[in-house]
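Comments concern the structure below.
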Amino acid sequence: MFPRATVCEEFTAMVNRRTIYVGRGNMGQPGTAKFPDNTIISSKYTIWNFVPKNLFEQFRRIGNMYFLMIFLVQVIIDSPTSPVTSGLPLFFVITVTAVKQGYEDWCRHKTDNVMNNEPVHVLRGPQVCTEKSRDIQVGDIVRVEQDETFPCDLVLLSSDRQGLCHLTTASLDGETNLKTRTALPQTAHLSSETRLSSLNAVVECILPEPDLYRFSGSMVVIRDCSLGEGGPVDRSAAQPLEQDSLLLRGASLKNTKFIYGLAVYTGMETKMTLNYKSKTLKRSVVEKSMNKFLLVYLGLLVLMALISTLMQHFWYGTLHDYTPWYRDMNKSHLGVWKSLKVVTDFLAFMVLFNYIIPVSLYVTVEMQKFLGSRFISWDPALAEPQTKEPAMVNTSDLNEELGQVEFVLSDKTGTLTENIMVLKKCSIGGVKYDYEDGKLLPSDCMDTTDGPPLNSPPLNTSLRDPCCLIRAAALCHTVHISECDEVDGPLGGRQTKRSLPEYYASSPDEKALVEAARGLGVIFLGSDNHQMTLDMKGDEERFEILTILEFDPIRRCMSVILRQPDGEIWVLSKGADSSILPKVVSGELQKTQKHVDDFAMLGLRTLCFGMRRLTQKEFAEIEECLRVARTARTDRDRLIEEAFASIEQQYHLIGVTAVEDKLQEEVPQTIVQLGLAGIALWVLTGDKRETAVNIGYSCGLFSRDMVIHSFTSEHPDGLRNAEVALGLISPSELINGVQDVQATNKRADTPHGLVIEGSCVAKLLSDRPRLQAVCQRVSVVVCCRMSPLQKAEIVRFVKELPGSPITLAIGDGANDVSMIQEAHVGIGIVGKEGRQAARNSDYAIHRFRQLRRLILVHGHLYYIRIAELVQYFFYKNVCFIAPQFLFQFFCSFSQQPLYTTMYLAMYNICFTSLPILVYGLLEQHVPYQLLEHSPHLYTDIANNSWLALPAFIYWTFLGVIHSLIFFFGSYLLFNPDSGLVPSGETHGQWTFGTLVFSVMVITVNLKLALDTRFWTWLNHLVIWGSIAFYIISSFILGSYLWPMFKRKNMYRVFEHMLIAAPTWFGASLLITLCLLPDIFQHALRRQLYPSATQRAQLEEASYRSARKSKLRMSNGDRRDAESVPLDSITAAMRWDGTAHSCPRV
C-alpha cells in the first residue's frame, strides 16, 4: 500500500514539474522537445490568417451578423432595395475595424521582431557565442552583462560578485529599487566559461505560471570541473531553488558586471509573457442600455415589417387577385406559393426598414471611446507633478462608467497616504520613546501601572538598551544599498568619511527603520550571499546569514536567522502585532500591547520585533526541516508553512516601532467633494483597527459626533449592537429591523460609522441581508486587517447591494489587484509599491486627489457625450425610416423605397455620422473648472439618467414627430395635383423623396447644433460641411454620375426640386416646425424647472456677459473676457443646503 501511494505522489510531482539538463538545451535530451524556443509572439494575426480570422471575430458581434444577414436576404430575394444599400455601410464598418486592428497588429509584429532578433550571449561549449534572442533553448547557459535586460527567465548560476547580483524590475512591476538575487553555493564559484561548460547538473522546477513572485525547484550537481570524473552526487543532496535565484525576463542587471544564468522558461512561457493576458471583460451601463435599445428597435423593425406584410396581403387579397395567371397553379401549389410569398414579402419589408438599426453605431462608439480616452492621457492635471508622466488608460471601454460611480472603495497606504515612512516613536522593554533629530528620547508620560512581564527570565541589560531594538531593525530586513558620493559630516553623532549608503527596499517601512538606525549610529553597510555588516558607532560587526524567511501576507511577518560574532544563533522576526505578540513568551507584553494601541490611535504604522535564541542542535534540525520542505516535490507550500511556524515561535519581545505615513495632499478635500457628488467612500486596509480609525478621522471620513460600530474579533456581537443602535428593539425582531432602522434614522441626525475587521468578514458575509441593511444606513465604512481576497469579497458585496451600484476600486499595491479587477472600474495608483496595480487597472493616476478630476470632470463629460451620441443615433434613424414606413400606405405596400439607393447607403456614413462623432469627442456643456468645483452637478447624471426610459421615450417620440413633419409637410407641398415646375410637369416620387430626405438631413444636423454648447472650428466644419457635402454630392450625382451609370430615375431630380417654388420656403418652414418646439422646451425647462447643470450654465452665461460688459465699459483692465475665475461662478451657484450634505451609503 505504501509504495503505491509513493509512486502516485512521485508521478504527480513529475507531471507538475519540469526537468532541465544544464548546458544541453533541447539537443538529445529525453522529454525536453516540448519546450518552446525563446520566440515572443504578441500578435494575433499572420499574413495568411488575417482576413478569415478577423472576419470571424467581427461577425461574432450580433450587429455585424445582423447586417450580413440583411445583405444576404437582399441578394437572395427580389429585394426592394439594392444590396449596395446594406453592403456598402457594412463593408465600410468592417473595413475600418479591420484596418484599425490590422495596424495595431502590425505594430505588435514590429515589436516582436525587434525583441526576437536582439543579440544575446549563449555558452556553446567553452566559448560564449552571440546569437539571436529567439534561438535560446531551455537548458542553455546565458551570459548577461551590466545594464542589459534578461532575455528569458534564468536561474542564477554565478556572477562576478561570488554568486550575488542586483537587478531592477521596473519594467515588470514598476519598482525602481534594486533587488538582490543569489546563486547556490554549489555554482556560485563557477565564474569562467571553461568551468561552466563542464557543469553537469539537473534542475527540477515548477511548470510556468504567471505569478511573478512564485518560483520553487531544486538543483542536483552531478559533475562539475572541480569533481573531475567523479561519480554523480546523490539526489538527497538536492539544493532548493527559491524566488531569490530567479532572474525574470524584462528585468535589468545593475551594479554587477556580468552573470551566468540557466534558461528555465523561454518564449511564451516566461512569466512576463504569461502576464500578457487580457483582463476580464467589463461592460459599462451605457453599453448595456445601448443593447437594450437595439432590442427594442429590433422589435419595432419586426413589428413594422409584420404590419406591412399583413396590410399588403389584405390590400391585394381584397381588391386584386395577385396570383399570376400564367403560373396555371393547382390549389396545392397555390397554397405553397402564397405561403412562400408571405415569407419573402416579410423579409423584403425587413430589408426595407432595416435602417432603423444603425449600422455605423458600433464603429462610431468604438472610435469615440478610443479617441476620447486620449484626453485623459493629455490632461496635464492628471500627470505626475515632478516627472510629468501622464495618466495611463489601459481600457477605453469604461470612459462613461466614470460618470456613474456610486461607491469608491480605496486602499489606505500609498493611496490615501504618501507611503513615505518616517520613524516617529518606539517602545523598548515597556518604555516609550520619541524619535527626534536622530535621537531616542523617553516620552514624558509613561504608564508604570502595567503588570510584570510574561514569564520573564532574568534579562541581559543589553536587551533593555535602545540599541538592541535599533540593531534588530538594522539586521532584520531585505534592504539593499548603493554607494553614493563620499561625504564628510556628522552621522549618528560622530564624524565620518565613509561613503554614505543609499538604501533600496521593496517595503517603505523597512527603509524607514534602516535609515532611522543609521541616524542613531547603527549603520547597515550591506550584505552578500553569506554575511551582513553593521557599523556600530565606529565598530564593524559581521553577522553570518544562515537563512531568511521572506515576508508573506498570510504570516504577516519576516524573519532572519543569524550567527553573531560570538557564535550565538538568533532568530530575529518583525511583523504585525497580531503575528508576533501571540507568540511571545517573555518580555514586557502588557505594556507593549498598550503602547501598540496608543501608537495606532495616533495613526502610526506599528511593527513588533521578537527574538529567539537557537542552539546548534536546534538550528541543525531547522535547517534540515527547511531543506526537506523547500525541495519537496509534493505539498511543498504546506511543508514550508509548517517549517516557518516551527521557527517563528517562543519569542522574547524586543519592542515595537511606529512609523508615520502622512496623508497625501488634498485627500480630505477630495473626499468631501466626492461626498457632495453623491459618492460614498469605503476604506479597505490591512492596518489594525486603531490605525484605520485614526486615518478615518484625519482624512475627514469620521467626525467627532459620529457613532462608530465595530465588528471585530473582540466584538463578535457588533452586528447585533449596530442593529439595536440603529433602531432594532431586540434580536427577536430582526425581521422588522429594517423598518425600525429607517424610522430611527429619520428621528435622529446622528451619523453612524462602521468598522469591519478582516477576521469577521466571512461570518458577516454569511448573513448578507442583515449586513446590507446596516451598511445602507451608515455614512462611512472602514474595513481593517483585510487580505487581498477579502478586499475583493467586500467589493463584490457592495456590487450586490440593492440597486446594483457602480463601484470604483483604487489602490497602489499588488494586494489591491484583486479588488481593482473585481470592481466595475479599477484605478491604479502609480506609487512606491510598484506598478502591479497600475498594470492591472483600467486607468492609472498618480495621486488620490486626481480621482476628483477623473470622476467629476472626465467621467461627467464622457457620460453625457456618449449618452447623447447613442440617443441621437437612434433618433436620426427613426427620422430616416419612419417616412419610409409611412410611404407604404401611399404606394399600396408595394415595397417601393422612398429614397434612392445612394441616399440609403450614405445617410449614416457621410451625411450624419461625423457631426455626432465630433460632438462625442469635444462637447463641454459645462467648463472643466466648474465641473471640478461644483460636485453637485454630478448628481444630474446619476443612475444613468440620460439613458433612462423617460429619456429614451423622449428621443424616440421626437424622432417620430419630426418624421411626421418631414413626410406630411412635404406631401402637402408637393402633392400630385400641384404643377409648380416651370415646364408644367407634376412632381414625381423621387422629387418628393428627395425633398423629405433634404429636410431630414438639414434638420438632424441642426438639431445637434442646437444641443452643442462648446463650439470649435471642428464642430463648424463637420456640421455645416455635412450639409454642404450633401447638397454638392446630390448635384454632382444627379447631373453627371447617374447618367454615366444609366440610372435615369434621379437625373437632375435635385436640381428640379430646388427650382420648384415651394422648396425654399417650404423646407425652411418644415425645419423651423421641427426645431422650434425643441427650442421652446429647452427654454421653458431652464426657466421653470432647471436642473443643477442648467443653473450652472445660466449662472456662467450671465457672469460672463456681465464681465464682458464691464470690460467694454472700462478703459483700464483689458484682459480676455473668457478668462473668468470660475471660483466666483461656483460661489454664486450655492443652492439649498441639502445638496451639500454628505450622502448616506
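Placement of Cβ uses the backbone N, Cα and C atoms for every residue, glycine included.
Per TrEMBL, the feature active site, 4-aspartylphosphate intermediate maps to Asp411. Asp411 (active site, 4-aspartylphosphate intermediate) falls outside any helix or strand according to DSSP and counts as coil. Long-range Cβ contacts of Asp411 (active site, 4-aspartylphosphate intermediate) within its own chain (separation 6+, distance under 8 Å): Val683, Leu684, Thr685, Lys791, Ile810, Gly811, Asp812, Gly813, Asn815, Asp816, Met819, Ile829.
Residues or ranges marked as Mg(2+) binding site by TrEMBL: Asp411, Thr413, Asp812, Asp816. Asp816 (Mg(2+) binding site) carries a helical DSSP state (H, G or I). The local packing around Asp816 (Mg(2+) binding site), expressed as other Cβ atoms within 10 Å of its Cβ over all shown chains, amounts to 31.
Per TrEMBL, ATP binding site is recorded for Asp411, Lys412, Thr413, Glu510, Phe551, Lys574, Arg605, Thr685, Gly686, Asp687, Arg785, Lys791, Asn815, Asp816. Phe551 (ATP binding site) falls within a strand when secondary structure is assigned with DSSP.
Model confidence over the domain 'P-type ATPase N-terminal' (32-86) stands at 80, taken as the mean pLDDT rounded to a whole number. As annotated by TrEMBL, domain 'P-type ATPase N-terminal' applies to 32-86.
Residues or ranges marked as domain 'P-type ATPase A' by TrEMBL: 116-180.
Marked as domain 'P-type ATPase C-terminal' by TrEMBL: 838-1091.
Annotation source TrEMBL lists transmembrane segment at 293-316 (among others). Below 8 angstroms of C-beta separation, residues 63, 66, 322, 342, 345-346, 349-350, 352-354, 356-357, 870, 874, 877, 885, 888-889, 892-895, 952 of the same chain, each at least six residues beyond the ends of the transmembrane segment (293-316), sit close to that stretch.
The transmembrane segment annotation in TrEMBL covers 346-365 (among others).
Per TrEMBL, transmembrane segment is recorded for 872-890 (among others).
Per TrEMBL, the feature transmembrane segment maps to 902-922 (among others).
The annotation transmembrane segment is assigned in TrEMBL to 952-974 (among others). For the transmembrane segment (952-974), the residues of the chain that approach it from at least six positions outside its boundaries are 293, 296, 871-872, 874-880, 882-883, 886-887, 987, 991-992, 995-996, 999-1000, 1003-1004, 1060, 1062-1063, 1066, 1069-1070, 1073-1074, 1078, judged by C-beta separation under 8 angstroms.
Residues of the same chain lying 6 or more positions beyond the ends of the transmembrane segment (990-1010) and with a Cβ under 8 Å from any Cβ of it are 872, 875-876, 879-880, 883, 887, 897-900, 903, 907, 911-912, 915-916, 919, 962-963, 966-967, 969-971, 973-974, 1023, 1026-1027, 1030, 1034, 1049-1050, 1053-1054, 1056-1057, 1060, 1063, 1066-1067, 1070-1071, 1074-1075, 1078-1079, 1082. As annotated by TrEMBL, transmembrane segment applies to 990-1010 (among others).
Sequence annotations record features per position, and here TrEMBL assigns transmembrane segment to 1022-1045 (among others).
The annotation transmembrane segment is assigned in TrEMBL to 1057-1076 (among others).
Within the same chain, the residues at least 6 positions away from Phe551 (ATP binding site) whose Cβ sits under 8 Å from its Cβ are Thr478, Ser507, Cys557, Met558, Gly575, listed in sequence order. Tertiary proximity for the transmembrane segment (872-890) is limited to same-chain residues at least six positions away from its ends with a CB under 8 Å from its CB atoms, namely 293, 297, 304, 308, 311, 352-353, 355-358, 361, 364, 896-899, 907-908, 912, 916, 919, 955-956, 958-960, 962-964, 966-968, 993, 996, 1000, 1003-1004, 1007-1008, 1011. Calculated from their C-alpha atoms, the gap between Arg785 (ATP binding site) and Thr413 (Mg(2+) binding site) amounts to 12 Å. Around the Cβ of Gly686 (ATP binding site), the number of neighbouring Cβ atoms within 10 Å comes to 23. Of the recorded residues, Gly686 (ATP binding site) and Thr413 (Mg(2+) binding site) place their C-alpha atoms 9 Å from one another. Contacts of Arg605 (ATP binding site) defined by a Cβ separation under 8 A and a same-chain sequence distance of 6+ are given as Thr413, Met421, Asp509, Ala658, Val659, Glu660, Asp661, Asp687, Thr691, in order along the sequence. All protein chains shown were included, and the count of other CB atoms within 10 Å of the CB of Asp812 (Mg(2+) binding site) stands at 33.
Considering only the binding-site residues Thr413, Asn815, the Cβ with the fewest other Cβ atoms within 10 Å is that of Asn815.
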